[in-house]
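Participant: Positions annotated as domain 'ABC transmembrane type-1' by TrEMBL: A:80-292. The annotation transmembrane segment is assigned in TrEMBL to A:20-39, A:84-106, A:118-138, A:165-189, A:210-229, A:275-296.
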Amino acid sequence: MLQTGRPRMQTKRTIFPNKVLPYALLAPQIAITVVFFLWPAGQAVVSSFLREDPFGLASTFVWFENYTRLFEDPAYVDSLRVTAAFAIAVTFCSMTFALLLAVAVNRLIRLGGVYTTLLVWPYAVAPVVAGVLWWFLFNPTIGILPYLLSFMGVHWNHRINGNHAMIMLVVAASWKQISYNFLFFVAGLQSIPRSLIEAAAIDGAGPMKRFWTIIFPLLSPTTFFLLIINVNYAMFDTFSIVDATTGGGPAGATNILVFKVFADGILGLNIGSSAAQSVILMMIVIALTFVQFRYVERRVQY
Amino acid sequence: MANKVVTSVVALAASLALTAPALAVTEIQWWHAMGGELGVKLESIAKGFNESQSDYKIVPVYKGSYPETLTAAIAAFRAKQNPAIVQVFEVGTGTMMAAKGAVYPVYKLMADHNEPFDSKSYLAPVVGYYSDTQGNILSLPFNSSTPIMYYNKDAFEKAGLDRNTPPKTWAEVESFSKKIKESGAAKCGFTTGWVSWVQLENFSALHDKPYGTLENGFGGLGTQFQFNGDAQIKHFANLKKWSDEGIFQYGGPVGGNDAPPKFYSGECAIYFNSSASRAGVVANAKTFAVGFAPLPYYDDVIKEPKNSIIGGATLWALQGRPAEEYKGVAKFFSYLSKPEVQADWHQFTGYLPITYAAYELGKTQGYYEKNPGSDIAINQITRGEPSVNSKGIRFGNLAQVRDVIDSEFEALLAGKKSAKEALDAAVVGGNRILRDFEAANK
């Protein structure tokens, strides 16, 4: 998902006369893209218009019935709502904490490198492991957090309480993503000219004022870029966290779209509906990517 | 998108697995979902068959959980790389039965290859579950279980109860649980695995209440769910009440992963789960003595509870393999049904003995006397005369329906819906899934 936008190259252009070679060099990558991305995506689009038994013995063309049924299904509409809430919560939490940590580390003179290294570690943890880790910490029977919460009068049970389940997921998903955001924020902070901040300090602006009037606006390209990346992450890369912890429950409270595609297609064997859902997801990805390319790419500075 | 990727990966893996060099011995792939100790035992059964003759070699392949195994087999079938034998859990039965061109019915397989096969030698409730409307067995019963009650004898004693008198009715479960909780013998009275299977499907069978129209789905695809009757509503309302009072703890959706630790750790004194959990219970309940008992019932709903219904899995032969493999499959199925093989598997795992002969063999071996409680399951599933409501259920996409039930049950526990609202909503959601299935299998 990382887009490596670079300033336009100012080097002299070299012209290669061979017309075939570039295509030959591109061929392996194109082949991979076609076989692993375009072909399955095309199949998904085709399947979304069919009603098929799991074994593929009989299929009927049903036009948009798979789609219309989806939007008539309260569970799907609910899943859209849950996904939106989840994506917003994860993006907000992970970016806020990452920015806080980045600003804190940026002020350090001696141990900044050490903290940076330590803070990046969680990013190396696979989502499914992160999920299991937090699942243990939050487990109503054996977890340490419900035990501590019970002293504050909170009866933690994410098996029954949908809000608890959502909080657990948001914590697990954000925790991992904070590292990633942190790196970008640190890089962003370091690229802000010190002279600007020093000038403001001499003019009598306090740390808060300096942050909100100088640092935060100058960070905005990074923030905007991370916003898109994080929304993408929360919506599409968090499947394994859900699978390892709540399984979409309780009562569908954490049934995010990408998990529902899996549950309906792989567990429920309802291929048509699952394909229709993945096509809708694909549209969302395309829309987000479009926004990113159209508005963000040109403004991000690294 | 995800399912497509998985499909292609599975198909690729399948094609690699199946392109073994041709040997004089015919190799037969058997995909299964038995992990851990069950898997080891299963492999030793395959080994036993392989050593008993020299023409065929059964190759067991572990494919993960039940849903994963089914999905893998279906993906492989679509890619024409399927195994000859696949183990499918009972909720997949409706799906398999509807896939007429994909399965090789066992009764036909055995007849085609002149292997003796008498449906009467198998336990009636087991056979009934896996037969078509004409009474032909479509898949070979292998590992069948039924839910029973496990209880902590030491906690019973600490609470001032008799350690050898488990609760018979739900009223007793309630009063015993209250005593256990109040006396501090355990933090909670009871927990359960498989809410949908134990507290609704088996509950309906035990109380002779219909689960769905058309003989619980045996009569065809145009069926509607009916599990929102008064008895079921009453039970769900009670479970909600007991959950609020703290005498019942919910163990999570589907199989209820949190339920076993609650019982093993002594937190809950009573635990409902499959008879096949027996090995796990015996191995994990180290600090207390375990008692076994039949499932409780409401004596104001039914005086003599009916038989319980089964879970577990059966072996399906899939179409599309070379003819010589099916001869081996038929021989292997005969081997599996032998009393000594069956009895060994049943006694090791806690699954039901599939044939009457295996049960009789266990009796003559004195197994049930040496292991008190090990015949609870078979007695419970064979008691009385099965009614239309207790011979089993058969619905397509049942795994999805169970998800709907879990989800509504959670809404009930969270106080978002009443028992009636939750069950009504589960019926509506379940019927929508049935219509999908009906439309896809016309």
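The backbone N, Cα and C atoms fix where each Cβ goes, and this holds for glycine too.
Please treat TrEMBL annotations as automatic predictions, because they have not gone through curation.
Would you situate these features in the structure and describe their surroundings?
Facilitator: For the transmembrane segment (A:20-39), same-chain residues at least 6 beyond its ends with a Cβ under 8 Å from one of its own Cβ atoms do not exist.
Sequence-distant contacts of the transmembrane segment (A:84-106) (same chain, six or more residues past either end, CB-CB distance under 8 Å): 112, 115-116, 119, 166, 169-171, 173-175, 177-182, 184-186, 188-190, 211, 215, 219, 223, 226-227, 230-231, 233-235, 238, 254, 256.
Remote same-chain residues near the transmembrane segment (A:165-189) are listed as 82, 85-86, 89-90, 93-95, 97-99, 101-103, 105-106, 116, 119-123, 125, 127, 130-131, 133-135, 138, 158-159, 215, 218-219, 221-223, 225-226, 229-230, 233-234, 238, 241-242, 245-246, 249-250, 253-254, 301-302 (criterion: CB distance under 8 Å, separation of at least six residues from the stretch ends).
Tertiary neighbourhood of the transmembrane segment (A:275-296): same-chain residues 3, 41, 44-48, 50, 66-67, 70, 76, 221, 224-225, 228, 231-232, 235-236, 257-258, 260-261, 264-265, selected by CB-CB distance under 8 Å and a gap of 6+ residues from either end.
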